[in-house]
Amino acid sequence: MNIVALASAYGVGSISIVRLSGDGAYDLAINLCKKPLTPRYAHLRKLYCENMVFLDEAIVIYYKAPFSFTGEDVVEFQTHGGVVVANLIIDELLRLGARVANPGEFSKRAFLNGKMDLVKAESIQSLINARSEGAAKILARTMNGELSVFVNSLRDELIKILAYTETCIDYADDDLPSDILHSSKDLLLNSYKKLEHIINISNSKKGLIDGYKVAIIGRPNVGKSSILNSLLHYERAITSETAGTTRDTIEEQIKFGSHLVRIIDTAGIRDEFDSSIEAAGIEYSKRAAREADIIFCVFDSSQKASLEDRQILEFISNLNKKTIYVLNKSDLEFKFDISLNAVLVSAKLDSTPLSKELESYLNSQDTNDIMLSSNRQIEASRLASEAIKNALELLNESELELFAYELNIALKHIGSITKPMENSELLDKMFSSFCLGK
């Protein structure tokens, strides 16, 4: 079946790109441009619909299978910008027998036709949604095959160890090198360490890929909303001397250097509250803190620390999150009496010190390490690591049959990172999150 979709962003622009893929893509394209197309050449062609009604003049490029993104015949029409002309071309191709592509269907066909593995497919989608320059660089390396090389190398090591083990099982009564199991253990331990390293790096720096989430936490009236407004450089949140003004979370995106960050202003946390609505807001605040990558823990520097301040400090410390302590209202007389390594700011005057502190931390998280770029990859790696750990314990007990069983489990999960077992439901779910023209 031939599929078609808009491959460029929806809306007004200088050009729109319509992508067509399938065994009959070339014939459908000829119906529109009325002249033959040479593969991999950019042709300027007039496009016509039924009854020779002129549609547009476009650049048409034909990619003959298998030398295309999907591995099938692909034709791309670069039309004048705007959605109307592109939709007219799509409508004509639908009339001729194509159908609208499902989200991610072009990439799914590329995967099924061996043009890319799942790691590359996922990295392309993640690169489109990259939240920072650091993330874009990591994902470009992943898309270029560095993660796939790592995974395949790890898989080869496990296969080698499994081959050693099965030799020991099959020829248990024969004279075999005395160090064969010792060598297997050393190889497996090395594989385990490499896998654990990439899992830990990927978990600790996940915000690089997904975008960091920062929660502003504190008791009422310490200036949390004022800090949000100051960072945004406009009045987004209502501020008031009345405690409990913020009842719900407010989320905005702000760019710090090369990083796009989600900042969440939250309701003030206190034990006594005026209504069930405020109580719900406080629970939302605590949940935002638990889900955040970074916490701005805000205090009023012009007042002595209250019991609520101390309780919030204890709550935050138990979360084991990156926390930037903020002493607000630095333009007033300093009275805060807890010793903290904190950033002094006056949200009313200038929040630049806080911006610089956050940007410095974000820059420190940039890495040259290979990273797993999706939750699916992290979970598969975790399961593989768990199986390898079990295998090492069994090897110490000389339980070779069970050791081989755990190795096979590890191999299955490692292999699933680049190419899972045939599971159409899994593939449909994964590719459905892609853009329509991808």
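Every residue, even glycine, has its Cβ placed from backbone N, Cα and C.
What you are looking at is a predicted structure, and each value in this text was computed from that prediction instead of being measured.
Pulled from Swiss-Prot, these are the features on record:
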BINDING   Arg19, Glu76, Lys115, Lys438  (6S)-5-formyl-5,6,7,8-tetrahydrofolate binding site
BINDING   221-226, 240-246, 265-268  GTP binding site
BINDING   Ser225, Thr246  Mg(2+) binding site
DOMAIN    211-363  domain 'TrmE-type G'
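Location within the structure of each feature annotated in Swiss-Prot.
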{"residue": "Arg19", "record": "(6S)-5-formyl-5,6,7,8-tetrahydrofolate binding site", "DSSP (3 states)": "strand"}
{"residue": "Glu76", "record": "(6S)-5-formyl-5,6,7,8-tetrahydrofolate binding site", "DSSP (3 states)": "strand"}
{"residue": "Lys115", "record": "(6S)-5-formyl-5,6,7,8-tetrahydrofolate binding site", "DSSP (3 states)": "coil"}
{"residue": "Asn221", "record": "GTP binding site", "DSSP (3 states)": "coil"}
{"residue": "Ala267", "record": "GTP binding site", "DSSP (3 states)": "coil"}
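Among the binding-site residues Arg19, Glu76, Lys115, the residue whose Cα lies closest in space to that of Lys224 (GTP binding site) is Arg19. All protein chains included, Asn221 (GTP binding site) registers 20 other Cβ atoms within 10 Å of its own Cβ. Remark: of the binding-site residues Lys115, Lys224, the most isolated position is Lys115 (fewest other Cβ atoms within 10 Å of its Cβ). Sequence-distant neighbours of Glu76 ((6S)-5-formyl-5,6,7,8-tetrahydrofolate binding site) (same chain, 6+ apart, CB under 8 A from its CB) are Ala7, Ile17, Val18, Arg19, Leu20, Val60, Ile61, Tyr63. A simple way to gauge crowding: the CB of Ser225 (Mg(2+) binding site) has 24 other CB atoms within 10 angstroms, across all the protein chains here.
The separation of Lys115 ((6S)-5-formyl-5,6,7,8-tetrahydrofolate binding site) from Ala267 (GTP binding site), Cα to Cα, is 50 Å. The binding-site residues listed here are Arg19, Ala267; among them, Ala267 has the most other Cβ atoms within 10 Å of its own Cβ.
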